[in-house]
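**Q** TrEMBL lists these features:
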{"type": "SIGNAL", "residues": "1-25", "note": "signal peptide"}
{"type": "DOMAIN", "residues": "57-203", "note": "domain 'Lactate/malate dehydrogenase N-terminal'"}
{"type": "BINDING", "residues": "Asp93, Asn156, Val180, Gly181, Asn182", "note": "NAD(+) binding site"}
{"type": "BINDING", "residues": "Arg143, Arg149, Asn182, Arg213", "note": "substrate binding site"}
{"type": "DOMAIN", "residues": "207-381", "note": "domain 'Lactate/malate dehydrogenase C-terminal'"}
{"type": "ACT_SITE", "residues": "His238", "note": "active site, proton acceptor"}
Amino acid sequence: MPRALAVTCKVICLLLIGVVGSLLSEKNDLQFLVLTFSVQFKSVTLGLLPLQAEPIRVVVTGAAGQIAYSLLFSIAKGDVFGKDQPIILILLDIPPMLPVLDGVVMELQDCALPLLREVIPTDKVEVGFKDIDAAILVGSMPRKEGMERKDLLKANVAIFKTQGQALDKYAKKTVKVLVVGNPANTNCLIASKSAPSIPKENFSCLTRLDHNRACSQVAMRCGVSSDKVKNVIIWGNHSSTQYPDVHHAKVNLSGSEVSAYDAVKNDAWLRGDFISTVQLRGAAVIKARKLSSAMSAAKAICDHMRDIWFGTKEGEFISMGVYAAGNSYGIPEDLIYSFPIQIKNKTWKVVDGLPINDFSRAKMDATAAELVEERDTAMDFLSQ
């Protein structure tokens, strides 16, 4: 091959690598490209060969617990971060649980999942939070018999202060943090305040389980599948004061979208038993199976993180506990409060401008008042 033609071909390839790579990286379609060329009869043939993305690092705390046991397979299988996204899983728990973690690691290995590149069990936050892309904070101090609420808050403030400080010191500043451990809203606030170098918008708490419960209750009442119900809202705290609101929800009946109130045709149920059923569902599960929700909690975690990674559907919103600053609903700003949320490009925004009637206003304010009380108590412990 003439030297001049070879040089020209190399220049063309370098230019194409820059142009095509730039275009594709903007769409996050491919992170790496290989261009090959051959020269025959003075013609140039170019081929694009996609290479798999770099692994992302995901930490799950309380990783020896029952929620994590239902969660880890879905993450490692690709159901959360994408079917072509390799994963490094870091399993963080307290020292007495390390032998259990060894068993979890063996099971994950035995699943032979192609996306799972490495599993790291640890009891050290400097290992658990090092360079992570996503943190799912499941572990927390559960309420024990005879324990007062303030004692529960005090114990969890210590846990989430430590984890927030570790996030601040070791994690990527782009890390997305989901707090699951209860009291989730206030634990999330403490973690965020303890990680000042990470944007508050990167922290959220789980109210998707409540959201899914509300969708399911409406769907069962209407005799449709749960995917036919959209835009229910969980306002406020992940507690028995939460407000499941269907005033803006839609139900697809035989191909036509109608309001949830028109679909259900029972206002008394929607304003009474429906709300209390969702509010008290966790307690009902514990009473029935003698253990707290695990399978449904894991599914909700997957839904939450998948929506953060890939966005919500056009025209739909979901429920997440997020930092309340700048909200248009009159909610005190220094809280983690559950709002209707839309997500695009890994950035969430509160759905503004929804009309709020007096019934809803009272319930939204009641759950906010509980969160203010929790926050003030927790902040007293944080300052000690």
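Glycine residues also receive a Cβ, built from the backbone N, Cα and C atoms like all the rest.
Can you tell me where each of these features sits in the structure?
**A** A simple way to gauge crowding: the CB of Asp93 (NAD(+) binding site) has 23 other CB atoms within 10 angstroms, across all the protein chains here.
Model confidence over the domain 'Lactate/malate dehydrogenase C-terminal' (207-381) stands at 97, taken as the mean pLDDT rounded to a whole number.
Using a 10 Å Cβ-Cβ cutoff, His238 (active site, proton acceptor) registers 29 neighbours.
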**Q** DSSP on the domain 'Lactate/malate dehydrogenase N-terminal' (57-203): how many residues come out helix, how many strand, how many coil?
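**A** Result for the domain 'Lactate/malate dehydrogenase N-terminal' (57-203), in helix, strand, coil order: 67 helix, 27 strand, 53 coil.
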**Q** Would you count the other CB atoms within 10 A of the CB of Arg213 (substrate binding site), including those on all shown protein chains?
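**A** The answer is 22.
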**Q** What is the interatomic distance between the Cα atoms of Asn156 (NAD(+) binding site) and Arg143 (substrate binding site), given in whole Å?
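**A** That separation, Cα to Cα, works out to 10 Å.
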**Q** Looking at the recorded positions Arg143, Arg149, Arg213, His238, which ones sit with their CA no more than 10 Å from the CA of Asn182 (NAD(+) binding site)?
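**A** Hits: Arg143, His238.
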**Q** To which of the binding-site residues Arg143, Arg149 does the lowest count of other Cβ atoms within 10 Å belong?
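**A** Relative to the other binding-site residues in Arg143, Arg149, Arg149 has the fewest Cβ atoms within 10 Å.
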**Q** Between the binding-site residues Asp93, Val180, Gly181, which lies closest to Arg149 (substrate binding site), Cα to Cα?
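**A** Spatially nearest to Arg149 (substrate binding site) by Cα position is Gly181.
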